[in-house]
């Protein structure tokens, strides 16, 4: 259908007055009020934001490339080449303990709730002994810990767990002096080698459809934003050649025989494109990185002065540089956020909404340093909120079991207090002691039933790590970061196309926004 601005494509816009109901997995959830009427520019990251990579192919590719680097470049045993990758094992929000070889999931207060050494689950005693006895809470930050906050990190986390198990079972086969921390350092070095030599991106460029999910709602979303009069921009760490291939695929530029054509039609949806941005450093205005204009047809970098083309040495006119650059969208490489603000004529940071997938690389820096409004893309959320709805009866039963356990424990404490501080006849005292024994037995049964039901619910989300946004009844560390730094969050960027471009997003009063309408009452 077409809207009043002539934008083609299906738009189901929600509004307070009514309209079509948006599927819960496609909804946009709000942590702090955001009136889109005040947003003058909307920006996007590319990798894992606009381009959603398929874990079963892309992450496997990254994993296999990392293994080869470990064996051929860093001296690890050739038998590692026989290892395989499980793309569903690791989740975001985990923390790697480099020194101990442990993988942790913790709550918002940094209490470790789930812990594995390699693939072996740590007992409660080991967990408390290692992470629960310090008088000063551990910060769980670098250099001793690594944060798994981006989907790019899942393959390296899985490989680290494999290496921990391998070292424990084959102590003489790992390179000499390679403790757990050193092995993690080697994994990181191998991953960086894969990215530096272009191994991954060359494979993706050959067959984008094999590695990237198609999303037919992306172009209608761009058209809607452009028709609403807003500026749009792209800021990605990928270089121009790869960016052009991926954006061509996402915007569906196909030839008559159905094959992918590589042109520059997708640039019509943006005012400014910044490649090779080196985020998160890009978000610091004091970052003195040079900015170069990219000539799309050749990929040639043109020297600029804050975005203005500079004449060649010996020439007084920049006209020669402007050949082919008379399009509405301009492409750059490098620079910093001050250059971007100037190019877009942005007067206030609060007028910018930036959409990304990486809490630290995209959301935290743009929010905390600049004051941009932020939207976090969490692909796992679509499945999670649907499961929350499907399991609402189980979660209600869990709440009832916990209330029952708490009630019995209160009765036990009351009886113990009475026996300790009040006087009773011998027969009365004996009856109370007997009742206390029965209550303690009832409490143990209630605890066991609650623990079993909680584990069963936990495993419905993920057999090892449970719900992404929760650890038990507490918000997870990942959920806490989402609450702190993301104004909005949703499962995929094109969900914006389902809402009015002038929508006023308001947060719920309690709980996390995605839980608000599906809590077991």
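Any Cβ shown, glycine's included, is placed from N, Cα and C.
Copied over from TrEMBL:
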type: ACT_SITE; residues: 45; note: active site, nucleophile
type: ACT_SITE; residues: 47; note: active site, proton donor
type: BINDING; residues: 45, 357; note: Mg(2+) binding site
type: BINDING; residues: 47; note: GMP binding site
Is it possible to get the count of other C-beta atoms within 10 angstroms of the C-beta of the residue listed as 'active site, nucleophile'?
26
Number of other Cβ atoms within 10 Å of the Cβ of residue 357 (Mg(2+) binding site) across all protein chains:
25
For a quick check of packing: other C-beta atoms within 10 Å of the C-beta of residue 47 (active site, proton donor), how many?
24
Nearest-integer angstrom distance between the alpha carbons (Cα) of the residue listed as 'active site, proton donor' and residue 357 (Mg(2+) binding site):
8
Cα distance (Å, whole number) from the residue listed as 'active site, nucleophile' to residue 357 (Mg(2+) binding site):
8
